[in-house]
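Asks: A single structure is presented below for examination.
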Amino acid sequence: MTEQLPLALFLMGPTASGKTELAIRLRQRYPVELISVDSALIYKGMDIGTAKPDEREQQLAPHRLIDILDPTEAYSAADFRRDALAAMNEIVAQGKIPLLVGGTMLYFKALLEGLSPLPAANAEIRQQIEQEALTKGWSVLHDELQEIDPVSAARIHPNDPQRLSRALEVYRISGKTLTELTETKGESLPFRVKQFAIAPKERAELHRRIELRFDKMMEAGFEQEMRALYTRKDLHPDLPSIRCVGYRQMWDYLDGNCTLDEAIYRGICATRQLAKRQITWLRSWDNLTWLDSENIEQSLETLSEAIASDRDSCV
């Protein structure tokens, strides 16, 4: 039955690896439609610091699932899977190929493998956890998570109360850890997926790209964009939107906790750390074809051949 399923392409990669450029070039050759797989690009008013595709790029290749939420709102992997599947089905109905582009690996994993059934939020238990945090501190609760679920504790920072609270809540409701429950796969993706990842061969080149992009963001007005968010008064640094790399560091600057130069340096370092995590995740990914950021033409040919060969096999 697999050959009857529609084709979908995944184009993954670390930040600043050239995913957007390659995706736009591919769309100019083939009937593909782009779906963003990025937990930062979903937010309106956060354009410069997320390196969101600009107006020209959006005209060349419109991206779905960009600018869909206000920065005050949360968005889960389950929300993404629902929205991405709906977009993929629309694209296939138009006789085109969904091309999913981004660097949020959790979203790709949720889409590909489905999501395990987690218990619904419990307001009473959540309130109890928050009260404990007020009296003991989040670091003590993180130590508790470390004892019951060291895998989740390694992924969740002590200063990330939303995710830390949820991990403890899940355990207290179900008696099972978040790690145990997420190992149970949900409904698989009803598509034939060809998966690609793009990155520079050398880490130093990726670091250079990250620093260059951050400098360009500052020149483009990232500080002004951040000030507009800061002065809204309905945002705070614990929101998922403001925890995005670059935004958290610039928020600290506006809060008076560091200088602008320190915020820029910390933002670049945080982006490098994000890229390292993305690459580590991709190296453990199955059925993945690697592409070279420094050879866009060859990468484009590899993607084109994958589409052409799939068409030939379906004839």
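Any Cβ shown, glycine's included, is placed from N, Cα and C.
Swiss-Prot lists these features:
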- Gly13, Pro14, Thr15, Ala16, Ser17, Gly18, Lys19, Thr20: ATP binding site (BINDING)
- Thr15, Ala16, Ser17, Gly18, Lys19, Thr20: substrate binding site (BINDING)
- 38-41: region 'Interaction with substrate tRNA' (REGION)
- Thr104: site 'Interaction with substrate tRNA' (SITE)
- Arg126: site 'Interaction with substrate tRNA' (SITE)
- 162-166: region 'Interaction with substrate tRNA' (REGION)
- 243-248: region 'Interaction with substrate tRNA' (REGION)
- 276-283: region 'Interaction with substrate tRNA' (REGION)
Asks: Near the region 'Interaction with substrate tRNA' (38-41), which residues from the same chain, at least 6 beyond its ends, have a CB less than 8 A from one of its CBs?
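Replies: Those are 49-50, 52, 63, 65-67, 75, 80, 102-104, 106-107, 240-241, 244, in sequence order.
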Asks: Report the residues of the chain - excluding Gly13, Pro14, Thr15, Ala16, Ser17, Gly18, Lys19, Thr20 - with C-beta within 8 Å of the mean position of the site's C-beta atoms, for the recorded ATP site, in sequence order.
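Replies: Result: Gly103, Ile198, Ala199, Arg209, Ser293.
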Asks: Within 8 Å of the Cβ centroid of the substrate site residues Thr15, Ala16, Ser17, Gly18, Lys19, Thr20, which other residues of the same chain have their Cβ?
Replies: Gly13, Pro14, Glu21, Gly103, Ile198, Arg209, Ser293
Asks: Report, in whole Å, the straight Cα-to-Cα distance of Thr104 (site 'Interaction with substrate tRNA') from Gly18 (ATP binding site).
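Replies: Cα of Gly18 (ATP binding site) to Cα of Thr104 (site 'Interaction with substrate tRNA') measures 15 Å after rounding.
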Asks: Out of Thr15, Ser17, Thr20, Thr104, which has the highest number of nearby Cβ atoms, where nearby means within 10 Å of its Cβ, if these are the recorded positions?
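Replies: Counting Cβ neighbours within 10 Å, the top one is Ser17.
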Asks: Under 8 Å between C-beta atoms and at least six apart in sequence, can you list the same-chain neighbours of Lys19 (ATP binding site), or say none if there are none?
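Replies: Leu11, Met12, Gly13, Val101, Gly102, Gly103, Ile198 - these are the non-local Cβ neighbours of Lys19 (ATP binding site), listed in sequence order.
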Asks: For Lys19 (ATP binding site), name the DSSP secondary structure in the helix/strand/coil scheme.
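Replies: Where Lys19 (ATP binding site) sits, the three-state DSSP reduction gives helix.
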Asks: In the predicted model, what is the mean pLDDT computed over the region 'Interaction with substrate tRNA' (243-248)?
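Replies: Over the region 'Interaction with substrate tRNA' (243-248), the predicted model scores a mean pLDDT of 97.
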Asks: How many Å lie between the Cα of Thr15 (ATP binding site) and the Cα of Thr104 (site 'Interaction with substrate tRNA')?
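Replies: With distance taken Cα to Cα, Thr104 (site 'Interaction with substrate tRNA') is 10 Å from Thr15 (ATP binding site).
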Asks: Let's check the environment of Pro14 (ATP binding site): how many other CB atoms sit within 10 Å of its CB?
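Replies: So the Cβ neighbour count for Pro14 (ATP binding site) comes to 27.
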Asks: For Arg126 (site 'Interaction with substrate tRNA'), name the DSSP secondary structure in the helix/strand/coil scheme.
Replies: helix
Asks: Just how many other Cβ atoms lie inside 10 Å of the Cβ on Gly13 (ATP binding site)?
Replies: 26
Asks: Within the region 'Interaction with substrate tRNA' (38-41), how many residues are helix, strand or coil going by DSSP?
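Replies: DSSP classes over the region 'Interaction with substrate tRNA' (38-41) add up to 0 helix, 0 strand, 4 coil.
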Asks: Once the chains shown are all counted, how many other Cβ atoms turn up within 10 Å of the Cβ of Ala16 (ATP binding site)?
Replies: 25
